[in-house]
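Heads up, the thing below is written out as structure tokens.
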Amino acid sequence: MQDYDEVTAFLGEWGPFQRLIFFLLSASIIPNGFNGLSSVFFTATPEHHCRVPDTANLSSAWRNHSVPMRLQGRPCRRYRLAMMVNFSELGLEPGRDVDLEQLEQEGCLDGWEFSQDIYLSTIVTEVAEHLKHFEKEVIHPSLLFQWNLVCEDDWKAPLTISLFFVGVLMGSFISGQLSDRFGRKNVLFVTMGMQTGFSFLQIFSKNFEMFTVLFFLVGMGQISNYVAAFVLGTEILGKSVRIIFSTLGVCIFYAFGYMLLPLFAYFIRDWRMLLLALTVPGVLCAALWWFIPESPRWLISQGRFQEAEVIIRRAAKTNGIIAPSTIFDSSELQDLSSKKQQSHSILDLIRTRNIRMITVMSIILWLTISVGYFGLSLDTPNLHGDVYLNCFLSAVVEVPAYVLAWLLLRHLPRRYSMATALFLGGSVLLFVQLVPPELYYLATVLVMVGKFGVTAAFSMVYVYTAELYPTVVRNMGVGVSSTASRLGSILSPYFVYLGAYDRFLPYILMGSLTILTAILTLFLPETFGTPLPDTIDQMLRVKGIKYRQTPSHTRMLKDGEESPTVLKSTSF
């Protein structure tokens, strides 16, 4: 039986067909850059203070002093309105005639006033928009249409983002199974429609709960079409192009979508209109259906040889190549598909001490990198300076990070490359707290350098993890590690949320975790330049742990042979 790549080698590696597939599949990833981090603007909290009704008979002095000075940074209370009205009618001045420290306080019973200097509206400010219509009604405005995403309910905004990533987690569980059963192309476009359709429905959200449920479904669609496009590209493209597609093509086009997000947000300051604009590219991607074929590999696995051959012949015609009279020998392919393979379960990831250690270390590595990447991405509105420029820079810095990661993967050892990127990202984040307030631009530069290091590590960890696990459990190993990454993304909004209590606390936590993970990476085995292991016994060994040699390995040493994965030294 010939290998699929050998059978289709006559197509070449980089003809018009391959270029078309490369760029169209990469372009289908652009909307993922929108939806993945659009919450940066949708859930932003503008400056605000307790609202005082226009009908309240207050002097301008009392209106200006309605919020206690010590609560200016977290304005969730005001002086009791009835008392302020009484003092105002008596002509008493705040601070001069009345000791404000002794005044009784109350919550923001009439809602909040939000600044529109940066955002016209976000899901947080929906309360203010609806209160405008009911301030003169008999029904108290606090009972009407409030989303309540500030003060005691400010935890709801990061919860919205976390539930989006819960949707991503759920989607990652089912996307592979759906793709294997119904085909890569079908799942790609159905989930792309799911992502775009539910994003459009979010525009009509009447309350926080409706918005959040729809955002959860958007997350499921986002990761599913991302995975489907990734798999479809790796199965159609040749070996050399496949590596570039998976490390540069998909990632850079995702970053390109991320870059466009702040540009859209800058010109469209209302969250509903912004969401409408961000759904347009997803609608346009529907036209790709007529240009992107199904995976011939998947068709062969389903016994649909004739359909696979039609696609290959069409590709040959596009490339100006005459295809051979017989491309696939169906009898050989049937023999291949009928072979029984040894079954493996997820428990094999903890079967031996070595694979158990690698699994635990991979989970920690993926979780920490994900917290750092998404935490820094979601934190851009909290940086000093222009929020739109900061978000754009956060996206731009990813491009050189992906290029660097690709170069490191091609030429340097994996664990030292990973550890260096993580040390760089973590150390600069710890330095942020030492920057004087007047040098805020330096703090922004350090955060961007930290994002650069974490992003480079995020790009490399996919390849490194796949190389650590043997063929028989590689898919499960990468899947479990990816699940840990989703858990990290779910936690990341609350790392950002801690900044409301201490501005530097998120950077201290993310920086410390990243450096500790960099040290942990040094204990992983080196896979650069070594053959991929096929069985669990062939796996490279974790550093610093002594192992007993297996009987099979002892026999190989006696025969003077060397395993393709010779045991590494326990020292660095």
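Along the chain as shown, the residues are counted starting at 1.
Just so it is clear, glycine is given a Cβ too, placed from its N, Cα and C backbone atoms.
Taken from TrEMBL, the feature domain 'Major facilitator superfamily (MFS) profile' applies to 118-529. Confidence over the domain 'Major facilitator superfamily (MFS) profile' (118-529), given as mean pLDDT on the 0 to 100 scale, stands at 83.
Annotated transmembrane segment per TrEMBL: 155-174 (among others), in sequence order.
Residues 28, 31-32, 35, 171, 175, 178-179, 211, 214-215, 217-218, 220-222, 224-225, 228-229, 232, 272, 275-276, 278-279, 282-283, 285-286, 288-289, 292, 294 of the same chain lie 6+ residues outside the transmembrane segment (186-204) yet bring a C-beta within less than 8 angstroms of a C-beta in it. Taken from TrEMBL, the feature transmembrane segment covers 186-204 (among others).
If you look up TrEMBL, you'll see 210-232 (among others) marked as transmembrane segment.
For 244-268 (among others), the entry in TrEMBL reads transmembrane segment.
Feature annotation from TrEMBL assigns transmembrane segment to 274-292 (among others).
The transmembrane segment annotation in TrEMBL covers 355-375 (among others).
Annotation comment: TrEMBL describes 387-409 (among others) as transmembrane segment.
For 416-434 (among others), the entry in TrEMBL reads transmembrane segment.
According to TrEMBL, the feature transmembrane segment maps to 440-464 (among others).
The feature transmembrane segment is assigned by TrEMBL to 504-524 (among others). Residues 358, 361, 364-365, 368-369, 371-372, 375-376, 379, 414-416, 418-420, 422-423, 425-430, 432-433, 447, 450, 453-454, 464, 468, 495-496, 498, 542-544, 572 of the same chain sit 6 or more residues outside the transmembrane segment (504-524) yet have a Cβ under 8 Å from a Cβ within it.
Among the features that TrEMBL reports, region 'Disordered' is placed at 553-572.
The largest share of C-beta pairs under 8 angstroms with the transmembrane segment (355-375) comes from 440-464, of the ranges 155-174, 244-268, 387-409, 416-434, 440-464.
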